[in-house]
Amino acid sequence: MNYLIVISFALLLMTGVQSGRDAYIADSENCTYTCALNPYCNDLCTKNGAKSGYCQWAGRYGNACWCIDLPDKVPIRISGSCRGR
């Protein structure tokens, strides 16, 4: 029984756990990407490893790109001010 637990744990560590999140993609200054059309955001999001993306109109940060299943390594908009604009 203990062998089964150890083997299961080892397999979990070897395969790794990847998580994604749905969020506004941000640049290095904590600013969202302004958009008008969905194809722009979908292209931006998928190039950064997300499954898809679209332009969120009149959202919390205005018209900004929203990504679906964005990898953890990609910066997202967090609370606080946009430092670049």
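Glycine is no exception: its Cβ is also placed from the backbone N, Cα and C atoms.
For C31-C82 (among others), the entry in Swiss-Prot reads disulfide bond. Cβ neighbour count for C31 (disulfide bond): 17 (other Cβ atoms within 10 Å of its Cβ, all protein chains included). Secondary structure from DSSP puts C31 (disulfide bond) in coil.
The disulfide bond annotation in Swiss-Prot covers C35-C55 (among others) and rests on sequence analysis. Around C55 (disulfide bond), the C-beta neighbours below 8 angstroms that are at least 6 residues distant in the chain are C35, A36, L37, N38, Y40, C41, N63, A64, C65, W66. Reduced to three states, the DSSP call for C55 (disulfide bond) is strand.
Around the Cβ of C41 (disulfide bond), a 10 Å sphere holds 25 further Cβ atoms from the protein chains shown. Per Swiss-Prot, disulfide bond is recorded for C41-C65 (among others).
Around C45 (disulfide bond), the same-chain residues six or more apart in sequence whose CB sits under 8 Å from its CB are I25, K51, S52, G53, C65, C67, I68, L70, listed in sequence order. Residues or ranges marked as disulfide bond by Swiss-Prot on the basis of sequence analysis: C45-C67 (among others).
If you look up Swiss-Prot, you'll see 21-83 marked as domain 'LCN-type CS-alpha/beta', on the strength of sequence analysis.
Per Swiss-Prot, the feature signal peptide maps to 1-19; the stated evidence is similarity to another entry.
Listed in sequence order, the residues of the same chain lying 6 or more apart from C82 (disulfide bond) and placing their CB within less than 8 Å of its CB are E29, N30, C31, T32.
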